[in-house]
Structures are given as C-alpha cells and as structure tokens.
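Read the structure below first, then the notes.
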C-alpha cells in the first residue's frame, strides 16, 4: 500500500484518445510529427530572438518566453501520449500522475498570465505610443515574465496540495491521455464536492477572469485602431484579430473543462488537445510567420549558419 496517498492505488490507467487499435499507429505518426513541429518551431523563435539584436524589444522578449512556455506545455504529456499509442495498457504511476497535474497548471497558468502581459504590451504600444519606451522597460518586461511563472507555480501548488493527499482506493482509470485534475479527483474514495468547488474558484476563475481581461484589452485596442487609418494601424488590426483567435482557442477549452468540473464529458479529452497540442503550434504560426521582422531575422540566421564552414 502506498502510504504517501493513503491508498492502495500506485498507478493509474489512461484510456487515451481512442480505444480503436486501427487508429493507434495513425495517431502515433500524426502526433509525433505535430510534436516535433511544435518543439522545432518554438525553439527556432527563441533562437532567432536571442541572436538578432533588432528583435531585442519588449514585444519579442515576451514572444520568445511564450514560445518557451509553449514547448514546456506541449512536453508535459505529449511525449508519453505518443509512446502510449504503442502501449497497452497505458499506465502511469501515482507520482507521475501528480507530476503531470503539477506541470500542467504551472505551464498553463503561466501562459495565461503571459498572454495578459503581451496584451498589455500591445495596449501600451498602440494606445500610448509616446510613453511606450518608458513604460515597457527591460525591468518591467522581466518582472512580467517572472510574475507569470510565479503565479503559475502558486496556482499549481494550491491545486495539488489537496489532491496529493486524497485517498485513492480504486477505480484507477482516467478517461483521457493524461492526468487531468477534474478526472483524477473524481476517482478519490471520498466526497470531493468541496475540492471541486475550490478548483472552480481557482482554475475556473483564473481562466475566466484572464480571458475577460484579454477581451477587454483587445477591444480597447481595436477601438483605438479603428479611429486611425494609417497602414500601420491596418496591419495592427489584422495582427490583433489573429491574436484574439489564438487566445480564444486556448482559453475556451480551459474554461469549459475547469469552470464546470462537476460533470465529465467525452469531449473533454478532445478539448484538452487544443491547449496542450494545437495552440502551442498555432502560436508560432500566428505570432511569427505573419511577422516580416521575424521572417527577415530567421533568413539572416540561416545565412549566418550557411556561412559557417
């Protein structure tokens, strides 16, 4: 018996994305290519921002940190999910399950705060351009990034501290491809209503409030942009529309899963794919490949690499 969690459960069985054996090999190849694209794309952004002095600005500093946290967010569960497509049964130890919950909330919580910081950066740049340099200093940007990580850690610890001590005595089957908090706490051999309310007030409120704050920020920015007719404002309008699309795809599944934790639906595992796999790939596509400055910097980086004998 595992004395750490006061139960007889030492491992959990993951149902995965699908029970169809015919789809396992297809999923293995598809998500492996997807994961490699996420890692390579985001690390390329980080390397490009670091190596190109012209990109040493607050916006790109925040963008490189977003790319790094996207790599982390896609790595906490995706590699195991890919391996599990070839495994049966798909098991994970109790400690591994708790680790997945911890890192999910660290990275997801940190990304939420970082997206808010990026919206604030765009607000200052567009609505208060004359004061941008003084407001968005290196010290301010560093504080925003460090604050995002600290909030993510604090948020995760507040979720896990109650979960890790729950009594798990069976069943031990999690209907997902990773240990998601709403699904795991339902397996506890006790009344978890209070814990679900705490989760609702923590994860659900955090996701909902961040999303509303982002929508308000982008609305203010778009209203400001609409009053101006320059070519730069037209570009800003197109960029902000793309940003709102990515933000919605990230927050909507989180809100659906964590703001209504009292009922588990089969669609939850599909929604989890959006913020753990799809969004980390969309971010470099939306924030980078549409940006001429970043593309130019990547071309310079590639030219320098070719020049090295």
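Each residue, glycine too, has its Cβ placed from N, Cα and C.
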Annotated transmembrane segment segment (source TrEMBL; candidates 25-47, 163-185): 25-47
Segment-segment contact (the transmembrane segment (272-289); the transmembrane segment (141-162)) at 3 or more Cβ pairs under 8 Å: no
Stretch among 59-78, 98-120, 141-162, 205-225, 237-260 sharing the most Cβ pairs under 8 Å with the transmembrane segment (25-47): 59-78
Of 59-78, 141-162, 205-225, 237-260, whichever stretch has the most CB pairs under 8 A to the transmembrane segment (98-120): 141-162
Top Cβ-contact partner of the transmembrane segment (141-162) among 59-78, 205-225, 237-260 (pairs under 8 Å): 59-78
Beyond the flanks of the transmembrane segment (59-78) by 6 or more, those residues with Cβ under 8 Å of it: 31, 35, 38-39, 41-43, 45-46, 49-50, 100, 103-104, 107-108, 110-111, 114-115, 117-118, 121-122, 125, 138, 141, 144-145, 148, 177-178, 275-277, 279-281, 283-284, 287-288, 294
Within-chain partners of the transmembrane segment (205-225) [C-beta distance under 8 Å, separation at least 6 from its ends]: 109, 112-113, 115-116, 119-120, 122-123, 126-127, 155, 233, 236-237, 240, 243-244, 247, 251-252, 254-255, 258-259
